[in-house]
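Copied from TrEMBL, the annotated features are:
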- B:52-138: domain 'Cytochrome c' (DOMAIN)
- B:Cys65, B:Cys68, B:His69: heme c 1 binding site (BINDING)
- B:161-239: domain 'Cytochrome c' (DOMAIN)
- B:Cys174, B:Cys177, B:His178: heme c 2 binding site (BINDING)
- B:259-277: transmembrane segment (TRANSMEM)
Amino acid sequence: MSTDSRLDTSKVATSNRTDAATASKGSPAGSLASWADDRLGLATAMKKNLRKVFPDHWSFMLGEIALWSFVVLLLTGVFLTLWFNPSMGHVTYEGSYDQLRGVGMSESMASTLNISFDVRGGLLMRQMHHWAAMVFIGSMMVHLLRVAFTGAYRKPRELNWVIGCILLLLGTLEGFTGYSLPDDLLSGTGVRAADGFLKATPVAGSYMSFLLFGGEFPGESIIPRLYIVHVLLIPGLLLALIAAHMLLLVYHKHTQWPGPGRTEQNVVGYPMLPVYAAKAGGFFFMVFGVIALMGGLMTINPVWKFGPYDPTKVTAGSQPDWYMGWPDGLLRIIPSGWETVIFGYTISWNVMIPILIVPPLMLVVLMLLPFLESWITGDKRDHHLLQRPRNAPTRTAVMVALMTFYGLAWAAGGNDIIAIKLDASINQITYFIRVAIFVGPVVAFWITRRWCISLQRHDNEKLLHGYETGIITRSVDGQYAERHLPISGSSAYTLTARDRDEIYTVAGDTDAAGVAAPNSRSEKLRAKLSSWMYVHNVQKPTRAELEEAHHHAEHEAQLQSGLDHPVDGHQFDDHQLRNTDEVPLRDH
Amino acid sequence: MRVLNRTAGRLSRHRRGPLAGLAVLLLGLLVSGSLYTAFSPAQADSQASQTDEVAKGKELFLVSCATCHGKNGEGIPTVRDGYQIGPSLVGTGAAAVDFQVGTGRMPMASPGAQAPRKKVVFNDEEIAALAAYVASLGPGPAVPDESDYSIDGLSEAEREEAISRGGQIFLTNCTACHNFNGSGGAMPRGGYAPALRGVEGKYIYEALLTGPQNMPNFSNGNLSPEEKRDVIAYLGSLEDTPEYAGFTLGGLGPVSEGLFAWLVGIGGLVGAAVWIASHTTRTKKDKVNA
């Protein structure tokens with residue numbers, strides 16, 4: 001293709017209608033774009049994607065917080081690598097912080113202190129990096145909750161859900177390796193705990209520990225190894241998976257809330273350029289700004305107060321960062337005596353259950369949620385319209401039960417701080433959570449499901465009887481009643497834009513010849529689960545019910561007919577009568 | 001010289017006299033007696049006032065302390081073996097009284113997991129009287145002098161060294177309960193290690209000496225007086241050092257950091273997302289619903 005045949009976009013024609021159009025002088029930016037496009041051919045690729053439409057809702061921007069805080073992590077992380085020295089070589093600190101001068105420590109601790117006190121802007125960068133890590137994982141979790149509560153993980157997005165779960169796991173590991181690098185008293189305690197967890201693994205434990213530490217704990221190798229994992233291995237995986245996550249997002253197109261004009265086949269919203277480019281770009285600066293303010297104003301991990309790691313020391317308030325708090329909480333509440341001795345070897349259930357069994361199990365359960373749901377429901381259709389949490393009561397309740405479990409384990413991880421801040425006994429808190437961690441999720445499940453079903457009933461009431469106007473009328477025989485008015489057509493559409501739930505039933509155990517149907521046992525289980533999931537749900541009204549309700553509502557509409565303004569309530573009382581002298585207020 | 005020699009010679013002639021021994025003895029007694037009077041802190045009238053102080057202390061003790069500690073400070077056991085309403089104070093010394101009463105922990109307002117620090121109910125004179133009375137029950141650590149816990153007498157270099165040494169002693173012996181920042185920590189069954197920030201050096205020294213409530217006793221064989229002084233110097237230096245990194249969030253470690261990450265970070269940014277989504281594109285100034 002020759003360049004002649006193409007439109008030269010660097011020149012824009014000007015005309016004042018009466019004169020012939022003349023080509024303006026090419027702008028430098030336009031010429032540059034043409035030059036680049038001739039060589040890279042980006043215009044064709046961009047033409048479509050820059051106009052890609054995204055729906056607009058605040059909850060669709062939660063994942064964006066994670067993305068932008070990851071960018072802040074990359075920027076501040078690069079700054080820190082310029083001065084951080086990941087070495088366990090022993091030095092005597094001679095820097096600016098008085099209280100530690102003359103104290104022996106590893107080079108990684110000394111360089112962390114150097115970044116904090118002697119590198120210009122270093123402390124701000126360290127604190128921003130750490131706060132950004134906390135926000136990164138926190139925003140991944142609220143994004144995960146949004147996706148789960150709205151059913152956005154249904155087909156075709158199950159694999160993107162799995163990628164998201166792996167991102168959460170990798171983010172947690174990345175956070176832990178970063179937390180361990182300064183080699184201060186707190187992080188050393190954390191690494192020591194990790195060593196204990198490895199060693200609690202039956203048979204392979206001590207081999208794994210020796211492999212990781214290059215010999216007996218702590219050795220000389222752990223910091224350089226964690227460093228390369230922290231700055232190369234996991235960030236590389238994170239970047240690749242974030243790219244895959246977003247490519248799948250573009251490929252699947254974003255989900256949207258149901259509403260007039262929104263179907264499973266379209267996306268209603270604004271184009272990438274200029275609307276979302278501006279919104280997302282602006283949001284990046286807000287994320288950066290909030291993290292910069294946090295880094296500038298709020299202390300995080302003051303390593304100079306912890307001092308260098310020394311296995312003989314420990315401090316009260318030794319906790320992991322918040323995202324590792326819940327396994328720590330499980331570890332804190334499990335009875336300490338749960339151990340089995342087999343042939344002289346101790347199996348430490350008290351470490352294995354809270355650290356090596358439950359957290360990986362929870363992650364697997366999380367990843368399987370969309371697959372379990374689609375197996376139970378038998379729903380293999382694509383879904384691009386979101387569900388309101390109330391319209392999937394069982395799913396919503398399962399998520400709230402999982403959150404309750406997480407929250408209680410999380411609280412147990414801070415039991416000492418809760419004890420001193422609320423003047424409570426740490427023993428009583430522990431006993432309470434030991435029971436609540438089993439009872440709480442069940443209670444939360446039941447309350448949430450009933451709550452959702454009540455909200456479904458409320459929606460049906462709005463559809464059939466209209467909304468509550470707040471206008472109270474009194475009938476002639478003295479009865480008070482609240483007047484309901486029909487909701488708008490678009491609201492009614494939005495409320496009814498959902499499928500009816502179909503309980504799966506097994507056709508028959510045996511066929512005509514008396515041969516058992518294949519998979520009948522699993523099919524029976526599936527039918528049972530499907531019934532458990534759907535049987536209490538309230539279905540949307542049928543067409544006949546709606547029509548009858550509309551007929552009823554016509555009477556209400558008549559009362560409004562002839563008015564050029566919406567009802568304010570006085571149409572239904574005797575106020576108008578009061579203004580006329582001829583008519584008495586009441587006939588007595 | 002000649003005069004001195006003659007005098008010495010004359011005295012020397014009497015040195016074997018029958019009254020010489022008696023005269024030397026009297027002279028010696030006179031000299032030592034007057035020296036003692038001149039230099040001894042325990043003068044006759046001070047002795048009397050100390051007795052008065054102990055008597056006054058006993059009076060206060062009977063009113064405010066004896067209910068739990070017994071009329072002679074012997075302690076009162078409960079019917080359950082090993083439990084007591086108040087422990088024996090014999091041998092706890094003046095330092096323990098100065099710490100417990102001086103910080104308002106005693107007299108206890110009500111029985112509980114631990115006596116909290118509260119408003120001090122006795123004045124300095126009364127505390128000294130109580131301390132004198134309890135000290136009279138049996139030998140125990142005395143109230144330390146300011147020179148015991150102050151580093152004011154040291155040179156600049158020695159002070160710096162004392163502070164960094166004190167920091168390491170603090171991290172080894174104290175932070176397990178009192179936290180790296182001296183913010184305090186939890187102990188079993190509702191007990192707690194109180195916050196150390198802003199506590200006077202004297203009380204920290206006394207607590208180390210006497211081991212109040214849940215705290216172990218750090219005897220001078222365990223932590224030498226200089227090491228105790230260095231810990232106090234380190235804690236004092238934290239008060240004088242600005243908080244380089246901003247608000248400390250309670251100085252409690254990762255739990256409070258996590259709380260603020262969620263409240264300020266996630267809370268603020270979700271709020272920002274709601275704000276951005278509610279301000280969508282428009283060509284006119286009037287608000288539109290997308």
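Glycine residues also receive a Cβ, built from the backbone N, Cα and C atoms like all the rest.
Whatever TrEMBL says is automated annotation, not expert-curated.
Here the Cβ of B:Cys177 (heme c 2 binding site) has 20 other Cβ atoms within 10 Å, regardless of which shown protein chain they belong to. Counting residues 6+ beyond its ends, the transmembrane segment (B:259-277) has Cβ neighbours under 8 Å at 249 in the same chain.
Under 8 angstroms separates the C-beta of B:Cys177, B:His178 from a C-beta of chain A, among the binding-site residues B:Cys65, B:Cys68, B:His69, B:Cys177, B:His178. In sequence order, B:Gly73, B:Gly86, B:Met106, B:Pro107, B:Leu130 are the residues of the chain that are 6 or more apart from B:Cys65 (heme c 1 binding site) and have a CB within less than 8 Å of its CB. Taken as a whole, the domain 'Cytochrome c' (B:161-239) shows an average pLDDT of 94 in this prediction.
Under 8 Å, Cβ to Cβ, and six or more positions away along its own chain, B:His69 (heme c 1 binding site) finds B:Phe61, B:Gly75, B:Ile76, B:Gly86, B:Pro87, B:Ser88, B:Leu89. Within 8 A of the CB centroid of the heme c 1 site residues B:Cys65, B:Cys68, B:His69, the other residues of that chain are B:Phe61, B:Ser64, B:Ala66, B:Thr67, B:Gly70, B:Gly73, B:Ile76, B:Gly86, B:Leu89, B:Met106, B:Pro107. Compared over the binding-site residues B:Cys68, B:Cys174, the count of CB atoms lying within 10 A of a residue's CB peaks at B:Cys174. Of all the Cβ atoms in the protein chains shown, 24 others lie within 10 Å of the Cβ of B:His178 (heme c 2 binding site). B:His178 (heme c 2 binding site) and B:Cys68 (heme c 1 binding site) are 28 Å apart (CA-CA, integer value).
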